[in-house]
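Undergrad: Copied straight from TrEMBL:
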DOMAIN    B:2-77  domain 'Lipoyl-binding'
Amino acid sequence: MEKKEAPKKPDWLKVTYDQKKVDQMNQLLSGLKLNTVCAEANCPNLGECFGSGTASFIILGPNCTRACRFCDIPHGHPKPVDLMEPYRVAEATKRLGLSHVVVTSVDRDDLPDLGADQFVKTINEIRRLNPDTTIEVLTPDFQGHEDCLDKVIAAKPDVFNHNMETVRSITPKVRHRATYDTSLKVLKYVKQHAPKTTFVKTGIMLGLGETDEEVYQLMDDLRAIDVDFLTIGQYVQPGPKNYRLREWVPMKRYATYYREARKRGFRFVASSPLVRSSYKAKEELEAVYGK
Amino acid sequence: MLKEVHMPKLSPKSDDYFFGEWIKKPGEAVKQGDILFEVETDKVISQVESEENGVLKEQKVATGDTTKVGDLVATIEVSDS
């Protein structure tokens, strides 16, 4: 039984939440009936990102067909696919003047294409209305189906992100119907089949009980398949029913992991407690393009 | 003039928060943008800023109290300007 109390929140979790700015963002998005992963996952950076006009869109929601124990997105019966959603994401990107947009989705194991077509349509619509905006997708594992991956690859997103979430030993404890090896396979396939202009990215959470050796093994596994970008951030337990937080990982370890990851050859690494896979995502492209 | 400070909405998903700590004491001068108090929501510690210039008169809640959005938290004697 897991009865231990959660450790006390550290000072770096202190954020200001400016409701006025959040209201402004919501107003800007009002009428578009869009979900942001920022609000759905109750992201700690929401105040900052909304304040600076940045948002990440979550399509095919609001309900997810999986129930991963770390996640705050509602699990439930999926809704019919909204055919106008790609257009509305593109319109929101335009209204917000985003130079880089992140599109993610809930898992849609109920759909024959597992949601791949909606990603393609969304990428195409964003590009039609915002030709200069770079596009990052953060996809589910599509159960490892290559035909689904092929569709999204063919739409040529600038960044193809799929999160490993955690090290091998903890994966079955926190992920639902997703495996470490399927996620590695997805990243490998994308790297092998996507154009050279598409960067491949993944992210992990710390504080779930992982060891240094396991994190380094994960880095080695990722570099063996030539993954370009890695994000490392602190897991924050969304509620009492979620996977219990084991540790607020000290800042020093984030710095060590950063150095170790760079040493292994990742082209861009973000390693800090409040890093989320889409947080300041455009900075990684600016870093590799040398802008 | 005495102004009431109510608990703002600090999380898109929840309206119940644990009151954290007071940063300003009664009798202390406050300016717009000064952090008044901290509140623990599910994922973060939110620092709530003052919208008024004046003097903090009364604290209506204490550390560990469960508060709801809209609850009266404090009063501020607003300076005339």
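Note: Cβ is positioned from N, Cα and C throughout, glycine not excepted.
In TrEMBL, annotation is done automatically, which means it is predicted and not curated.
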Undergrad: Which value does the mean pLDDT take for the domain 'Lipoyl-binding' (B:2-77) in this predicted structure?
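TA: Here the predicted model's pLDDT, averaged over the domain 'Lipoyl-binding' (B:2-77), is 92.
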Undergrad: Could you count the residues of the domain 'Lipoyl-binding' (B:2-77) that DSSP puts in helix, in strand and in coil?
TA: 0 helix, 40 strand, 36 coil
